[in-house]
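Peer 1: One structure, pasted below without further comment.
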């Protein structure tokens, strides 16, 4: 990046006059050791936030053109002498090159921003290793979860948290003030023992998505195999017809709505199981099983994957008439109609079925889109809890009901047609109805006044079998204590 690009303030200078808590940090001199991409972005962000920045480099003349003109680029020893807070933006393997600065680093705050290439690559964290090299310094781990791009573009696209840990509370407070002035949200992660966990965070690949993705892939493989048997293997064995051309589009398009529909029902099934557990034990304080707790925590990811499969199903459905095989079938049908001298093949029932089926499907996809959009942090943060709960819970359940209507209108009366049972296997859509219908029936039962009232009491703290102390006057006029069950 050219010097002009680096010197251009992307955020502009942030005023701190209205926030007295940030005044001690604003305008102070901050040092940066290193001249890589992260060090350059960090220096530019600090300059744009109103700090005086001194960059320490082994080749200051060569590296000066890479930094903003407002930043002073000098030798490492000179940079260390001019500030008490120093960002160490070098890799772990180069920490030893700083040992010559041990004398001038005494009493300084070193902010370690490094990461590893692998999770738990070393026995100790980079921050702990840096602290062992410079015992006379105070080491703070922070800013490693922020990328160089984020430092340049700023936190305007959403809340960006800076995880901070150290054994020194005053040092953490100083670094937290700097992070706030830079526009980030500092999060205190405790003492230095948390550094290893903080350093592992940027290396994890979608940790919250692994189980939902494997679940979606497992459902896709099951339904795909089932549809392959019904639509391709059955015609080949029974009628010696080659239907392999159906695999890329038609079989996949039959599988995607099944996965989407079941995944959507799995978003609301754990809530039903949790409510049943609370009703059975009569308390909300009993811990759910680990599998149910994990299931509840992955509902957002499961719902987004459901929307993804539904969107793909809509695109595949729009592409169905574009297939060459579809055109051949249309021509073949027209020829047969001409040979049989049929004036029309209009079936009123089928016309209405398809009209309702498509219309309900569009509404279901629209509701799923709304659920997906409101799950984004930038949108969710603009909603209060009641609004968010209404969208995700009420509208989500309505989306499940409409998806069920979409599935039922697709099946219509064909579920009772014996020709639809290939190898005595029921149509795929009948299998997908099992879990969603269970959820819908359970939700309806929970709306009954007797059950709804009991569940509401439990969620407000009432417990079955809990004894409550009360006070009664004795025969002598004195008060004595007693106990009664809250069930009474």
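Glycine is treated like the rest: Cβ placed from N, Cα and C.
The structure displayed is predicted, hence computed values, not measured ones.
Straight from TrEMBL, here's the annotation block:
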DOMAIN    29-116  domain 'Pyrroline-5-carboxylate reductase catalytic N-terminal'
DOMAIN    259-401  domain 'Ferric oxidoreductase'
REGION    1-25  region 'Disordered'
TRANSMEM  211-229  transmembrane segment
TRANSMEM  261-281  transmembrane segment
TRANSMEM  302-323  transmembrane segment
TRANSMEM  356-376  transmembrane segment
TRANSMEM  388-409  transmembrane segment
TRANSMEM  429-451  transmembrane segment
Peer 1: What parts of the chain pack near the transmembrane segment (211-229), using Cβ distances under 8 Å and only residues at least 6 beyond its ends?
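Peer 2: Residues packing against the transmembrane segment (211-229) from afar: 247, 251-252, 254-256, 258-259, 262-263, 266, 294, 298, 301-302, 305, 309, 422-423, 425, 428, 431.
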Peer 1: Using Cβ atoms and a strict cutoff of less than 8 Å, what residues sit near the transmembrane segment (261-281) while being 6 or more residues removed from its termini?
Peer 2: 215-216, 219, 288, 292, 295-296, 299, 302-303, 305-306, 309, 368, 396-397, 399-400, 403, 407, 432, 435-436, 438-439, 442-443, 446, 451, 454-455, 458-459, 464
Peer 1: Are there residues at least 6 beyond the ends of the transmembrane segment (429-451) whose Cβ is under 8 Å from a Cβ of it, and what are they?
Peer 2: 226, 257-258, 261-262, 264-266, 268-269, 272, 275-276, 279, 397, 400-401, 403-404, 407-408, 410-411, 415
